[in-house]
Each structure stands twice: as structure tokens, then as C-alpha cells.
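Below is one structure, written out as C-alpha cells, with a few remarks after it.
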Amino acid sequence: MEELDIRPKVSSLLSRLVNYTNITQGAKEHEEEESAEASRRKTPKSPNMGTLMGVYLPCLQNIFGVILFLRLTWIVGMAGIMQSLLIVLMCCSCTMLTAISMSAIATNGVVPAGGAYFMISRSLGPEFGGAVGLCFYLGTTFASAMYILGAIEIFLKYLVPQAAIFHGTDPLGSDSAMLNNMRVYGSICLTLMAVVVFVGVRYVNKLASLFLACVIISIVSIYAGAIKSMTHPPEFPICMLGNRTLVRDRFDVCAKTVIQGNITVPSQLWERFCLPGNMSSAQCDDYFIQNNVTEIQGIPGLGSGIIRENMWGNYLQKGEILEKAGLQSVDTHGALDNFGMYVSADIATSFTLLVGIFFPSATGIMAGSNRSGDLRDAQKSIPVGTILAITTTSLVYLSSVVLFGSCIEGVVLRDKFGDAVRKNLVVGTLSWPSPWVIVIGSFFSTVGAGLQSLTGAPRLLQAIAKDNIIPFLRVFGHGKTNGEPTWALLLTGLIAELGILIASLDMVAPILSMFFLMCYLFVNLACAVQTLLRTPNWRPRFKYYHWALSFLGMSMCLALMFISSWYYAIVAMGIAGMIYKYIEYQGAEKEWGDGIRGLSLSAARYALLRLEVGPPHTKNWRPQLLVLLKLDEDLHVKYPRLLTFASQLKAGKGLTIVGSVIQGNFLDSYGEMQAAEQAIKNMMEIERVKGFCQVVVASKVREGIVHLIQSCGLGGMKHNTVVMGWPYGWRQSEDPRAWKTFINTVRCTTAAHLALMVPKNVSFYPSNHERFTDGNIDVWWIVHDGGMLMLLPFLLKQHKVWRKCKMRIFTVAQMDDNSIQMKKDLATFLYQLRIEAEVEVVEMHDSDISAYTYERTLMMEQRSQMLRQMRLSSAERQRESKLVKLVTYSILTTNSHGTPMTPAGPVVEAPPEKVQMTWTKERCEAERRNRNNAPENFRELMSLKPDQSNVRRMHTAVKLNEVIVNRSHDARLVLLNMPGPPRNADGDENYMEFLEVLTEGLERVLLVRGGGREVITIYS
């Protein structure tokens, strides 16, 4: 019942879900917030757009664009009908497959406004979301530049050619002059559009229907003109010299001579090719003299059979003259001065280039999902509207390719700017009732598309900035008081200006294709990943999807990227990769339940199951650490340098588990455990330890450590090495639990066949910021324990702190060993292990046990005996004080009648505490005798003789320590075999003393104990 107070009731949850409304991220709310008073008066309107108005028509408007009017005829002319159909089919199949994947994602739950960025980031996580969101933003920004360039091309080529500022004298100069005109007018147009968007998007929204009408009327006029051409083809004659196409606006009559009155006089065409004033053939261009001038129909019409000539491709190199294959021609070199009279190719063409130029005309499929906030039923409208729009546009493109190839002469199709048909737009020549319908319609539709791109791109950037996954974009999340993204608009304008400075529509289109293809690739990936993982939350209402379709779409996107322009593809992927790594490096602290997390879990599960097959081979063995940390009273890590050492040893590879034990009851200490875990994670982050943290609560620290050693890790990802600190101050401590726990842990690791590392004087170990520029890492190899002592220095030297240290290996030779042979054998062994190290063999002679050793052993045993007696006497004192209290209590409270009394009078309370002990006369006598015997115990302690086995061990430890200190006193780190603890627990204290003696006088010592298996091999 208590949960009702802290958890929401089902009824209130359901009511909140029913009242959920989407505030659109598009332009509508900005329009409504133009006036603060108006926004106060207005009640929030529920989204009410249907499939037709909300998805189908916006998608149509976005998909149909500048390429259809300005470049599709040229693509058909260059590639031929068959290859053009293949290009259209490839691009439209790619977008259709993407639309299926997008429909599945869009119908999987409520889609707030935000379009592709929202869908990908929530499906694939912040890293992919940020990378793809920025790619989509750059694509939309370059799309605005492409539309503006298209509009300026229509304006300068077909509407007002006189408006050109720069004029070229020769053909090459005219091309560069045209590009400069595009740059000037494009920049002016971009500025005007940015001002319109800044002032208010209400105007853009109001004009949207007008722009859509322009597109539809233009397309209808093309179909009408094609049908009319069956019976009445339009009159657009083309003048040919031999088989070469002439620029039609350079002369009046398509003939070499004209008759004025009864006299034959040279025509304007003659004067172009010949020197003025003389009809002599010697003064004329060779090609002009030897070839006839003919006139052919530019638009033969649908029934003319021209389709046969236009069926196959005719790719040209830059500067190549457009020629008609069927016409007779004498092939001679003409004068270079007359090159400007012929229609020639302005760029080199190929199938791959045309794919890159055409693909932007298939983009725009996200328009419906971008408006998801305005839709009455987004989960139904987005799939239906988008797929219908793609089907419609695909049919229009495919039919247009066939119609253009069937109606228009091949040289006119290959004529990009309509030079052969008196500078008319080539599509316009086919349209009915007039070419101006297409020219004006396409101009307004491209201007409208440019405005919409400039409206959408800043909002997309603002959405990414507000998600706060890319810190340096944070400033672009701010805008005007009504939410208009001012700063984002400014950046969009600057990037679009870069596209306009490129000035060529054919060069901007492939750039834009790359960014859109990247975006579509990740939409398909998101759908495929979610489907394959069978995420519990993946329940799309749209059922006609399959992971194979998504993978096919993804493959097509990738293929199209590399087909259209491999170097642009690499750049686009590089940009996306850098953004991904940047977000990952910054640590995007977002949890959106994304598919990549699910993918990571599946991959981890698969890998863990693979690891279960058996233990790793010696070649793959590396220390997988369990670092046991001690926390102080404030839950701070007592020795953070243990973590530093772990990070230096691991260098980010393998498994690191950091464990700690909190003493107490789990129910009472759960909060403390969480706080300790967070403190350890913070310290791990500071020390750059990549790993996991595990804190356990146990009634005894010793039990907690045993639990950690037994249960940490999962499956094959378990620790094989334990790192623990040295119990400092164990001699001074009256409480033996610290060092008892230490020895117990050593015993547990041995029993579990785990390796053990004990860094002694860990506070002297270097931090991650220090660098040793010289010095040695000394390994004292006394007992072979699987090669741990060899492997650890090698791993440490991978880290920049230890990289410049040299490795020295010392081994100890007894009297009967051949030290020279030992040195050779050890050097050979190290060579086979591929480890570079100096080798030294140290001879230890049998010498008499020194008085110092004897004295040291005696002191150790006396000390342990004394401590044992002190601990015994302190326990007795505690017991005695309780007894004295009880006796006093009895004397004060009991009289001869058995009535409890106090100095103040009788009381009825029971004794304050029960002591479970009977105080007898015999017990009093025993206590008195013990106190009398204390001096005797002390005399016994002084006359104690040390145990001979302890003397021998101490002798070995002292001699070995002398040798180590002599050779390694200035080493940066000394690695030693750690002897095992005694089987009998009575000798634990002596064991600690031996370890102290062994490591005395050394600054940094790492005691190492192997896990009972080989960890290093000579084999590859």
C-alpha cells in the first residue's frame, strides 16, 4: 500500500497519455508565437493534417526539383534511355527501401517532430544520431545552395540573359564568366532568402502552395507537349555543319549564302567562318568549305522513331563537339578560332558522374516525417504518404526519360544549355502551350525549394544543439524570443555560401548526394539493427518491412556513394566518423534506449558464450585484474595509486574489476554501498581506469573479499589476477584483523589458482602524468611461477610512464649451480620470449647465521608472544571489570531480608545488565594468582629461545634482502616472488615479518605470486 504514495496510479498515467500532444518543431509554432499577446489568446490546436496535405504533397514538392527541369534531358542524351532508366531505377529503389525502413521506425511509437535526426538518434544512440544529424543538416544546407544555383541558372540563361555582369570573349572565358555571374547573383539571392526566413517563416509557408502549383503545372505541360508532338511537333530547327551542331543564336539563316534580289551574297554564317569581303574559298575554314549546312528538326515528336537513336549512351569529354551520327561529314580539322560556333560539352561525363548529379532529385522523402507533429495520425500517414509520393515521382521520372528520348533529337538532349535551340530551355522546347510555362514554373519551384531548405536546415541544427550532445554547437540552440533559430540560420547561410562559391550545379549535386546517402544509410541500419535484435520495444504498426530489405537499402546507399564519387564518399564518411568519435570522446550522457546498446549487449553475450569454450591459450593470457580497494570512513579511496598502477599495467586492454567491501547489514547499508560505488567510479574516471566497479556489503571484511574473489566477473570474462594493498602499520596495530585479512586473501587467491600482486609502498608509485626518462625495472626471479615476473614489466613498459625504463632480470644461484651456464640459458630463454632485458646471475654463498639474524628472529618471536599475552590480558581486564560491577551491585542492593536497596531507598527495577558468569571463590583465587604470576610470565618471555625453522627463514630473508638492496637500491621498481603463507595459522605473524625483512630498504616493490599456470610462451 505504501507504493501508492510514491508510484503513479494507472488512471492518472492513462489520462496523461491520452492528453499527449506534439508541439511541432517546424515553423508553425514560430508563426503563432510572433506576437506574445496572440499566443496567450490562442488555445493550442490539435494536429489535424491528413495524409494528402501533411505527407504526400510536401514529399512531392521536395522530391521534384531543379534536376528534373535543368538536367534530366541532358542525362538522357549522355547516358541514353537504357542507362538513364537504370540511373533512375537505382536512385528511386534506394529511396523506396529507405522509406520502408523509415516507415517502420516512424510507426514504432509516438514520433515527436524532428524527422530523420530524431529517428536515428533514438534508434542508434547519440553518437550515430549526432553524426547522421549533422550529415542531414549539411545535406539540407547544400540543397539550398543547389536550388539557388538552379534558380540563378534559369534567370541568367533563359529569363534575363542581359543581366549578366561578366562576359567572356572566347568559349573558355565565357564559362568562367558564367561561373562568376552565378557567384554574384547566387550570393545576392541567398542573402535575400535568408532575410525572408529571418523576418518570418509565415511567408514561406503561405507561398508553399504556390510553389507546389508551379511544379505540378510544369510537369503537366511536359506531358501535354509530348502528346501533342505525336501530331504537331513544335518548330525548333537545328542548324548542322556536316555532322556538327552549330550555336543557333550566332547567325540568322542556316545557310552559307543567301539571295538578295537576284544576287547570291555570303550569309552571316559564311562571315563567321570566312574572312570578310571575299567569296573565295581560300579565305575560309577547311571544315566549313568541305561540309554542307543542313537543318534538322529539334523535336521530331513521339511518332518519329528517334527513340532508336537515343537508346544508348554517348558520353563526351570536356570540349568535345556535339555530333549527329547519321549525317555525312568530311572530317578535317577546322580553325580553332571558330570553335565557339559549335555546341560542345562543358564537362567530361560518365555513368558514375550522372548518378551523383541525378540522385538529389530522388531525395526529399523525409518531408513527411519532418512534419510528424502536425499530422492527425502520423503512424498511418507517414508510410502511406511517403511511399505513394516516391511511387508517383519514380513513375514521372521513368516516363520522362522515355518521353525525352522518344521526342527530342539526340544532339539537343546533349545540349545542356539549349545553345542549338536559340538558348531555350531544352525541356521547355517540348512543353505545351509555351516554353515560358516551364521556365517560369521551374524558376519559382526552385526558389521555393531553396526557401524551404533554408527554413528547415537551421531548425534541424537547433534540434541537435538543444539535445546537447555536441558541446561546441550549444550556441546554435539559442534564437529569438519566439524560438526562431537566429544563430543556426547564420551558420546555414555561411555554409550555403560555400556551395554557391563552387558555382556549378553539377559539382554541388554530388556533395549533396553524399550527405543524403549517409543519412539514408543509417536509417536503413537503424531499422535492420532493431529488427535483428528483436528489441522488446520494437513493435512498428507498419508491418511490410524486413531486415533484408533494410540491409539491401543500406548496401545500395553505400554502393551509390562510391559509384557517384568515391573521394566525396570517403570525405563524407570521414566527417561522420569524426563527429561520432568526438561525441563518444566527450561522453554523451544520454540514455535513449538506442539499438546500438542492444547490439552491444547481443555482441557481448555472443562473445561471452564463445569464451566459455575453455580457458585462454597462453598466447592470449593477460592479467584480468580484480583490484581490492580500501575505503576510509568518508567513503574515499584510501590508496588511489592502486588504480593508477592498474591503469598503467592494463593500458586500457583486458578486464579490470575494482572491488571493495563495506562492513554491515545489506538492508541498512544499501545507500552507503551506492555512494561507495559512485566514489570508486569517480576515482576510476580520474585515474583513467576502464573497467567495472563492484561493492559488496558483508558482516565481515574477510567474508566480503572471499565473495568478491569467488563471484566477480561473468562466464569467460573473469579475473585471473588479484591486486591488493599492503597492510601498513600492522606491527603497531593492536587489532590483528587487518593483517589476518591480508593473509587470508593470499590463501584464498592461492586456493582459487589466481595470480596475486601486492604493490608495497604504493604511495611512492608514479602518477599517470609522470615520466621516467631513465632507470631500471628489476625482476628478481627466484622461483618460476609461470612467467608472471617476465610478463608484468613488458606490459608496464607499454605505458608512457615506464616506456623508457630498462628491464633487468636477476636470478639467484646456489653453491652447486653453474652460474655462467645459468646466465647463458636465461639469455637464450629471454631471446626466445622476444623480451629485451639485461641478465645477471647472483651467487648466494652459504654463510653462518649471523647474530643479527638470530636477534631479529628472537625479537619477532618475543613480540608475537608479548602481543598474544597483551591481547589475553586485555580480554581478561574487560571480563574482570564486568564482574566487579556485578559484585558491587550485589553488595549495594541486597540486605539481610533480601530486599533491594540503594542509598536513597528501596527500588523495584531489575539489574541493568545480565552477565553470563558465576562469580565463585575459586574464580577470585585464580584471578589473584594470575596477577601474581605476571612477573614470572615476563621472565619466561625474556628467556625464550627462537625456533630453528624461523631462524633459517629469517636468515634467507635477510641475506636475500642484502643482495637485492645492494643491486636494486636505485631501481624504479623491484619485482619479487612472493612466498606463500604458512599452512599453520600460528605462524601468520612471523610470515608478515619475513615479508617486511625481505622488502626492507626498497622504495617501490611489487610482490608477485603466480596462479599456477604458464602465462608466457616462446611460440608464436
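Going from the start of the chain as shown, residues are counted 1 onward.
Quick reminder: no glycine exception, Cβ is built from N, Cα and C everywhere.
Unlike curated entries, TrEMBL annotations are predicted automatically.
Some features that TrEMBL has for this protein:
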type     : residues : note
DOMAIN   : 55-226   : domain 'Amino acid permease/ SLC12A'
DOMAIN   : 326-626  : domain 'Amino acid permease/ SLC12A'
DOMAIN   : 640-758  : domain 'SLC12A transporter C-terminal'
DOMAIN   : 772-849  : domain 'SLC12A transporter C-terminal'
DOMAIN   : 909-1020 : domain 'SLC12A transporter C-terminal'
TRANSMEM : 55-74    : transmembrane segment
TRANSMEM : 86-111   : transmembrane segment
TRANSMEM : 131-156  : transmembrane segment
TRANSMEM : 184-201  : transmembrane segment
TRANSMEM : 207-226  : transmembrane segment
TRANSMEM : 347-367  : transmembrane segment
TRANSMEM : 387-413  : transmembrane segment
TRANSMEM : 425-444  : transmembrane segment
TRANSMEM : 486-505  : transmembrane segment
TRANSMEM : 512-533  : transmembrane segment
TRANSMEM : 545-571  : transmembrane segment
Take every residue in the domain 'Amino acid permease/ SLC12A' (326-626), average their pLDDT values, and give the whole-number result. 84
Six or more residues out from either end of the transmembrane segment (184-201), which same-chain residues have a Cβ under 8 Å from its Cβ atoms? 27, 30-31, 34, 144-145, 148-149, 151-152, 155-156, 163, 165, 447, 450-451, 454-455, 458, 484, 486, 489, 493, 496-497, 500, 503
Go through 347-367, 425-444, 486-505, 512-533, 545-571 and flag the stretch with the largest number of C-beta pairs under 8 Å relative to the transmembrane segment (131-156). 486-505
What parts of the chain pack near the transmembrane segment (207-226), using Cβ distances under 8 Å and only residues at least 6 beyond its ends? 57, 60-61, 64, 68-69, 234, 302, 396, 399-400, 403, 406-407, 427, 430-433, 437-438, 440-442, 444-445, 447-449, 451-452
Cβ pairs under 8 Å between the transmembrane segment (55-74) and the transmembrane segment (387-413), at least three: yes
Residues of the parent chain within Cβ reach of the transmembrane segment (347-367), under 8 Å, 6 or more residues beyond its termini: 55, 58-59, 61-68, 71-72, 75, 78-79, 83-84, 87-88, 90-92, 94-95, 98-99, 102, 115-116, 136, 139, 143, 146, 313, 315-318, 386, 389-390, 393, 397, 506, 509-510, 512-513, 516-517, 560, 563-565, 568
Does the transmembrane segment (512-533) make contact with the transmembrane segment (86-111) through 3 or more Cβ pairs under 8 Å, each pair 6 or more apart in sequence? yes
Under a Cβ pair cut-off of under 8 Å, which of the recorded stretches 387-413, 425-444, 486-505, 545-571 contacts the transmembrane segment (86-111) most often? 545-571
Residues from the same chain, set at least six apart from the ends of the transmembrane segment (545-571), whose C-beta lies under 8 A from its own: 90-91, 93-94, 97-98, 100-101, 103-104, 351-353, 355-356, 359, 510-511, 513-514, 517-518, 520-521, 524-525, 527-528, 531-532
Under 8 Å between C-beta atoms and at least six residues away from its ends: which parts of the chain pack against the transmembrane segment (486-505)? 66, 70-71, 138, 141-142, 144-146, 148-150, 153, 179-180, 182-183, 186-187, 190-191, 194, 197-198, 454, 457-459, 461-462, 465, 475-476, 478-480, 511
